[in-house]
2 protein chains.
Amino acid sequence: MTVNIALLGFGTVASGVPFLLQENSTKITAQAGTDIQIAKVLVRDVAEKDVLRAQGHAYDFVTDISAILNDDAIDIVIELMGRIEPAKTFITQALQAKKHVVTANKDLLAMHGADLLKVAKDNGVALYYEAAVAGGIPILRTLAHSYTADKITKILGVVNGTSNFMMTKMVDEGWTYDEALAEASRLGYAESDPTNDVDGIDAAYKMVILSQFAFGMTIKFDDVRHEGIRHITPEDVKLAQKLGFVIKLVGEIVERPSGIYAEVVPTFLPKDHQLATVNGVMNAVFVESIGINEAMFYGPGAGQKPTATSVVADVIELAKGIQKGAVLPAFNTFARETVYATKEDLVDKYYFAIETDDKAGQLLHLAELFHAENVSFEQVFQENLGDNRASIAIIAHKMDLNQFDSLVEKISALDGFTLRNTIKVI
Amino acid sequence: MTVNIALLGFGTVASGVPFLLQENSTKITAQAGTDIQIAKVLVRDVAEKDVLRAQGHAYDFVTDISAILNDDAIDIVIELMGRIEPAKTFITQALQAKKHVVTANKDLLAMHGADLLKVAKDNGVALYYEAAVAGGIPILRTLAHSYTADKITKILGVVNGTSNFMMTKMVDEGWTYDEALAEASRLGYAESDPTNDVDGIDAAYKMVILSQFAFGMTIKFDDVRHEGIRHITPEDVKLAQKLGFVIKLVGEIVERPSGIYAEVVPTFLPKDHQLATVNGVMNAVFVESIGINEAMFYGPGAGQKPTATSVVADVIELAKGIQKGAVLPAFNTFARETVYATKEDLVDKYYFAIETDDKAGQLLHLAELFHAENVSFEQVFQENLGDNRASIAIIAHKMDLNQFDSLVEKISALDGFTLRNTIKVI
């Protein structure tokens with residue numbers, strides 16, 4: 001038999017799919033137990049079709065999704081267009097047409113995953129998306145099949161390659177945020193609007209998906225606190241280094257007695273933490289659990305071949321099941337009622353970077369303010385910035401999220417003080 | 001329904017199984033789709049049974065394997081006794097009695113895995129062993145299910161916790177081999193006869209198993225070149241550090257155009273290599289491939305709970321399949337004819353540590369010898385050791401394995417020279 005697939009979109013990642021199917025054809029056929037053929041490829045318009053034909057691509061290009069939906073020979077639809085629409089409509093229609101779907105679309109899955117999975121279930125088909133989190137790292141299938149006996153207590157992830165590339169340059173080379181962004185743009189790592197990457201939005205999408213696989217709960221995107229790397233200065237980086245830390249943008253999901261919580265925030269990582277050496281565009285997911293204790297999964301977060309490898313691995317798992325004729329298992333079967341942690345249950349150390357006038361009594365002011373919140377200083381660094389300005393960096397002892405929010409609010413409101421940045425300390 | 005399991009042995013790891021079944025019972029039952037019960041536990045003799053009963057363990061302890069083999073209610077047998085016999089006989093009998101088997105026994109699998117897998121196949125049952133390589137790291141299932149679309153070109157593994165603990169102490173603290181071994185013994189990491197760990201035998205077993213999952217080929221244990229860490233001195237460690245390397249005992253499997261090759265040898269790893277920060281008893285497997293490119297899987301290599309977690313994950317996968325009533329998939333389905341690489345096809349850089357009399361012309365002697373093998377020096381370090389003795393450390397440019405073997409033989413035979421150590425340079 002042959003399993004027929006249709007590709008929606010033929011961009012960079014999509015063109016990696018035929019590369020793998022050809023390059024590894026013997027292994028893939030043996031593993032899948034069947035041939036896998038690209039039956040149709042959806043492109044935008046006739047012009048794109050003509051360009052791809054001229055480049056030598058001999059697929060059956062179509063410009064109307066119904067040519068795929070109505071083709072009974074097609075078993076699996078691979079969506080690699082990205083963004084919400086028309087991907088959402090096309091995936092929904094493909095599932096309704098009883099076709100299995102593979103996608104790498106994290107934005108879509110984070111915002112509408114639950115709806116799409118319901119459509120899949122209602123139609124007796126499967127929706128797989130290993131490539132949606134940390135592209136080339138096989139993390140979702142591993143959580144779904146190898147952590148079944150374990151109870152995960154914390155996930156820490158460096159899951160945005162663009163911001164991690166920038167942070168690596170800022171740490172290793174002492175570059176400013178703007179210098180790092182310029183280089184990321186030049187190398188094609190940053191989009192013309194880098195907001196999703198540098199503000200932690202992309203990483204927050206991934207936390208939503210990881211929360212489902214690791215904790216069986218669905219944290220809503222709007223409930224993932226996210227803060228980016230725009231405010232990190234060379235001074236923050238230098239101080240971190242002096243104290244034995246590396247700054248990275250880290251996504252965290254934690255389960256506390258009261259429930260779970262997720263955030264993406266700049267973080268001081270101890271230099272000997274396994275995540276601290278995840279550099280450049282590489283990604284890693286660090287998993288803490290009661291059984292395995294500590295494990296890390298490291299690899300490329302994006303890129304044509306890594307992402308296509310995860311996509312084709314999904315296709316092979318589906319192809320194996322299609323031959324058996326049974327209903328295919330859902331990609332993730334771990335589901336519990338979602339319960340959010342209380343702020344009192346979320347306790348961390350923080351670094352506060354503050355600027356103020358260089359005059360007597362300023363530090364006392366801050367000390368009184370922290371004392372009023374019942375938070376004490378672990379370390380304080382004061383530096384004259386010239387022009388009668390001073391920088392005060394405080395690493396405070398553990399506080400809960402209420403105390404942290406209250407401190408941020410009060411320092412921000414304090415006359416003559418500027419709260420330049422806050423960074424979580426692990 | 002209930003899936004019934006029998007434990008062969010009730011040592012440290014085995015007692016982690018009931019811990020997980022109880023601690024994570026809700027999740028495990030949901031993931032498996034069934035209750036999992038420990039029906040019987042095989043112990044050595046009545047005395048052990050009495051001790052365990054006195055400790056409060058209320059299992060149905062049996063001292064005769066036939067009580068398990070003849071119990072039709074038992075679906076899965078978990079072997080955690082270790083060593084070759086009687087484990088091999090018991091596993092064979094369990095498979096013949098149509099029971100699925102889960103084991104963590106790497107020695108047995110490396111030496112007799114092919115035979116046991118044939119018995120499993122012939123009897124329509126499955127043999128799973130995620131815990132056999134790098135205990136808590138879910139590496140085998142990941143290779144079997146997430147690398148299906150990829151072609152692996154190289155595996156590098158730090159897969160022996162004892163020797164890695166020792167090397168970490170030798171690198172970080174400057175300890176000698178003997179000091180590191182004494183500490184490993186004191187902490188219970190090293191057995192009274194540490195041979196398997198420090199001579200690379202244990203890691204070589206794991207390379208045999210990894211070769212099957214990563215390359216679909218079975219390298220015989222006797223064909224895994226293995227050399228241990230006994231000859232590594234603080235001088236080697238210091239020189240490595242000076243040159244930007246960390247020394248570790250690394251297992252490598254590589255596929256070259258002529259075939260595959262595996263070895264376990266002390267290795268200079270560049271400090272920024274992801275494996276270089278895998279310290280203490282932790283393990284990691286670094287995978288190079290044409291699709292994902294570079295990925296690493298890091299976690300505990302041993303220990304009660306990590307190993308039990310992998311064992312129970314295997315049990316859950318089996319339990320899922322048992323309910324469906326179909327023949328369970330083999331743990332690994334990737335198989336090709338095993339073809340070994342030629343020595344000409346295996347090219348690496350090497351470090352040679354040589355001692356000789358401190359007199360004129362000695363380095364010239366060595367230079368002539370290397371020149372005759374068509375191998376040139378990359379770096380040379382000569383040091384006076386006192387007593388008219390000198391140490392010569394050479395990092396040589398890339399050579400194939402024939403050249404390396406020939407150099408080792410010739411230097412060893414050279415009058416007045418002692419080849420103290422050789423270390424591969426990555």
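Just so you know, glycine gets a Cβ as well, placed from its N, Cα and C.
Taken straight from TrEMBL:
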- A:K206: active site, proton donor (ACT_SITE)
- A:K106: NADPH binding site (BINDING)
- A:E191: L-homoserine binding site (BINDING)
- A:9-130: domain 'Aspartate/homoserine dehydrogenase NAD-binding' (DOMAIN)
- A:138-316: domain 'Homoserine dehydrogenase catalytic' (DOMAIN)
> Ranking the recorded positions A:K106, A:K206 by other Cβ atoms within 10 Å, which is at the bottom?
Replying inline: A:K106
>> To see if you understand the setup: which same-chain residues, six or more apart in sequence, place their Cβ under 8 Å from that of A:E191 (L-homoserine binding site)?
In response: A:D197
> To the nearest whole angstrom, what is the C-alpha distance linking A:K106 (NADPH binding site) and the residue listed as 'active site, proton donor'?
Replying inline: 7
>> Give me the DSSP three-state residue breakdown of the domain 'Aspartate/homoserine dehydrogenase NAD-binding' (A:9-130), ordered helix, strand, coil.
In response: 61 helix, 22 strand, 39 coil
> Where does the residue listed as 'L-homoserine binding site' sit by DSSP, helix, strand or coil?
Replying inline: coil
>> Just to confirm my parser: what is the rounded mean pLDDT across the domain 'Homoserine dehydrogenase catalytic' (A:138-316)?
In response: 97
>> Under a three-state reading of DSSP, tell me whether A:K206 (active site, proton donor) is helix, strand or coil.
In response: helix
